[in-house]
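Engineer: Sharing a structure below in structure tokens format, with a few things to ask.
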Amino acid sequence: MEPSDSTSTAMEEPDSLEVLVKTLDSQTRTFIVGAQMNVKEFKEHIAASVSIPSEKQRLIYQGRVLQDDKKLQDYNVGGKVIHLVERAPPQTQLPSGASSGTGSASATHGGGPLPGTRGPGASGHDRNANSYVMVGTFNLPSDGSAVDVHINMEQAPIQSEPRVRLVMAQHMIRDIQTLLSRMECRGGTQAQASQPPPQTPTVASETVALNSQTSEPVESEAPPREPMESEEMEERPPTQTPELPPSGPAPAGPAPAPETNAPNHPSPAEHVEVLQELQRLQRRLQPFLQRYCEVLGAAATTDYNNNHEGREEDQRLINLVGESLRLLGNTFVALSDLRCNLACAPPRHLHVVRPMSHYTTPMVLQQAAIPIQINVGTTVTMTGNGARPPPAPGAEAASPGSGQASSLPPSSATVDSSTEGAPPPGPAPPPATSHPRVIRISHQSVEPVVMMHMNIQDSGAQPGGVPSAPTGPLGPPGHGQSLGQQVPGFPTAPTRVVIARPTPPQARPSHPGGPPVSGALQGAGLGTNTSLAQMVSGLVGQLLMQPVLVAQGTPGMAPASASAPATAQAQAPAPAPAPAPAPATASASAGTTNTATTAGPAPGGPAQPPPPQPSAADLQFSQLLGNLLGPAGPGAGGPSLASPTITVAVPGVPAFLQGMTEFLQASQAAPPPPPPPPPPPPAPEQQTTPPPGSPSGGTASPGGLGPESLPPEFFTSVVQGVLSSLLGSLGARAGSSESIAAFIQRLSGSSNIFEPGADGALGFFGALLSLLCQNFSMVDVVMLLHGHFQPLQRLQPQLRSFFHQHYLGGQEPTSSNIRMATHTLITGLEEYVRESFSLVQVQPGVDIIRTNLEFLQEQFNSIAAHVLHCTDSGFGARLLELCNQGLFECLALNLHCLGGQQMELAAVINGRIRRMSRGVNPSLVSWLTTMMGLRLQVVLEHMPVGPDAILRYVRRIGDPPQALPEEPMEVQGAERTSPEPQREDASPAPGTTAEEAMSRGPPPAPEGGSRDEQDGASADAEPWAAAVPPEWVPIIQQDIQSQRKVKPQPPLSDAYLSGMPAKRRKTMQGEGPQLLLSEAVSRAAKAAGARPLTSPESLSRDLEAPEVQESYRQQLRSDIQKRLQEDPNYSPQRFPNAHRAFADDP
């Protein structure tokens, strides 16, 4: 009930406070309360209005959490906005919360011993109560036709979408009743009660659903919501569903037939009750609706100047009736899809003729940017059907003829409700015909589970999936494989398959014998490349942009696999993805990640021949998943071929979110690379070239199945599509090969970012970076990160010319010239190396500066010699190998010099990133350093370079110096004045090469612990962070830093200064620009090919002499005066102060 009854009294008190409360759904509510009310009383006062129990509320004002025992007046919140967030449930409550009796599909998954632990809150407004949400289906046709991919917002439980529809309608009816009560009791409402009623957030999903439904007349009544808001509010409907019966007994029922979950579906009588209640509400609303029409009819001309009270009353009526109409319309839409098939045998129940995605707008999250802060437990849907599912009622009933029926959540529910312990073949036939192969991706945050189905129809997986009949309940080959890992054993621990991929049978029987199958792969027809590329591009691209990410956990799921031999066929051990580049979710992680893999214990499964002839499309698709999602085995060719990565998620584990991008990094994909330690200059090539696997050929993929198995053109098309999805919000054109330089220049609006010689890009490394960015597109970079060296091969002429001109200064590429140029170049990095290691503890006796400089000289000497001498077709592969080798050895060397302390090495890298990123968005820098730390840990855990390989580079204090070349080049002076060499060197390029190591060794352990430690560290840094939901922390921190930090502004123009008040102009002008004579001379000498007679240092000292500076000042003044006299475009009227600045008298 609204707290308005007490607030009207509070308004009469002389010392009342008007407090604005803003919730996570961006709604602001106004409360007028007594000034002496304490915070705890205020929480209880607003609990009903905000739908959050008082004990779970956290009120934040000016970065501080309001304490319960203090008074509101003490915080001076009168007329101010207080932010309200909901406290995350304690970790100890997670398992019990998962067993809440709210009626979701896993209500009893914890064994059912604690059904009432949540207390009354579970049936009230506990948004953290357990709920399942169906994310939809994705069908891949076998005829090569295009596949349309949509991102939709959808709320539908795996258990029963009709039930959710009724529950949502009941919630909305209660909301309408609340609104009617407020209109009928006018005196007990607040002055500004125009905000949505207490329960309105529960209908956000329906509101979103209406937005894209052009055929529904009530569309106009559903105001569009922001994706963030709608996602957050979508989680509530199923959490407040006391009507849903516990699904504990369900598992026993589903075994006989897939439709045995019918008891969870609502009966027609329940639908009738809801409709009757709607009729009563309409009768109650009628008088207010008439008054509403009267007010609106006269609204254009009514004069409220002297009738403030009347205006308030009319405005209040308009708001409340409008909100009631919105809820009423949404209720009708939710109920309009419910049908009862009278042809079915009794007892009949309701089903849904069209899924919620029917109403939603495709690509809802297209505008989402990275990093995304999300609310734990949000719902995101990905659906895409090669053929539209028939809306007929029979489709939901899993009729044998409905090949697309699986796209409807109800029929999907039949899949997930079947139990692992149901060996009888009886239940198999119905789903066998209605479900093609399924790839399921599920997400669990706290308790809600998000799932996605990808249905891959091959020529033999239609109703004719008879070959799989021997597998009993498994249905068609592909479908059965996904069935085995679905929610088997509700009573014990309902598990969800994160990803299940049916495997070609001949590839699975012998894991080590996988390589022979590569021939079939290479011989597979490429007719469906376009379709596959389009499908995977949209799928991966949209997954990378979604806030909802894959959750992984591990129960003891071996029995599930054992009960389904064909399922075991698809169960290769899944490498635990490295949780690095999930910017969208790093802030939302609320607990540790328990990840494990289940290997099919039934060896007979792989040998089963049910799906005898996998199509070429299937083979290509499975290998493509291997490339993108990472091979499933530690190196066996079989898993690499089929890539059936399966991970089981358990609801009881603490909350964790990991990005779909982690699958791109699993064992072969390319993760965002950690930058090399600041010293290494050879990184210029590595900046973009570092591929994951050993650069020579396609060894990045285990089992001998290199990237060549898939045509580079096909891989390129997939990458192009993924990047188009990711960069579409930044204006990137589809299919565009825009260079990185052009892309950044277009976003920044500056034309000189990558021009050689421009500010911030001086020196050799800056020019090299410019060359790479001007010639490489985003697609080229991703190709390099995945081990394809073709972009480097294409760049060979430009690189060779560049090194000849900028590196050798036009001299002959002899060994002595190369060594001398390398020495000069690397020596210029000494100050950056010293600065980078100044704050870390180095091993006693080790000369870290010399160690790095001499190591870099040797590595870069090899790279430069290769670029200048190699002319054959192995240029790209060898260059890639040199960069990878240099990176790994550099990391191993510095780790050894730092005593094996990974934290010290990470501090060196992150310190350099922060120094290079001054003025950059702090949240982006924070994300970058966190991501680099995670990736660095993965790289170091699978380091292919041993200590013995790098000991020869270690230099001790007192060791004799290395023999120096005869004469350093003049480039050294320019290098010392520019921070760019280090910037290039410290760029996050080569980290992705860890994939090579990961493919050689066992799958990496999950990095959840590391992420949690970092989250904890960031929370400790700010006292308020512990009381704020994780997704709010980066937002608040960014606001704090942006208020503290003022970006440097460019110098003001003369015209601007002339219009400024004199007093302010004096304070703004300062001493004028700094004279950079030494820089100008170095640049001119380099352009002319001249070199100083002495050393660059002595030249710099000479140029800094006062008399030289004064002469330079006079010469500069004279040049400007001459320019002002001769330039026809100069106008003294436009620049009135120019004569004073550059007059003859200083």
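Here the Cβ of each residue, glycine as well, is placed from N, Cα and C on the backbone.
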Engineer: Annotation phosphoserine in Swiss-Prot: match it to one of S694, S701, S987, please.
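Structural biologist: Checking Swiss-Prot against S694, S701, S987, the phosphoserine entry points to S987.
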Engineer: Which residue does Swiss-Prot record as phosphoserine, given the choices S643, S1095?
Structural biologist: S1095
Engineer: By DSSP assignment, list the helix, strand and coil residue numbers for the domain 'Ubiquitin-like' (17-92), in that order.
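Structural biologist: Split into helix, strand and coil, the domain 'Ubiquitin-like' (17-92) gives 21 helix, 28 strand, 27 coil.
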Engineer: Sort the residues of the compositional bias 'Low complexity' (1021-1034) into helix, strand and coil with DSSP and give the three counts.
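Structural biologist: Result for the compositional bias 'Low complexity' (1021-1034), in helix, strand, coil order: 11 helix, 0 strand, 3 coil.
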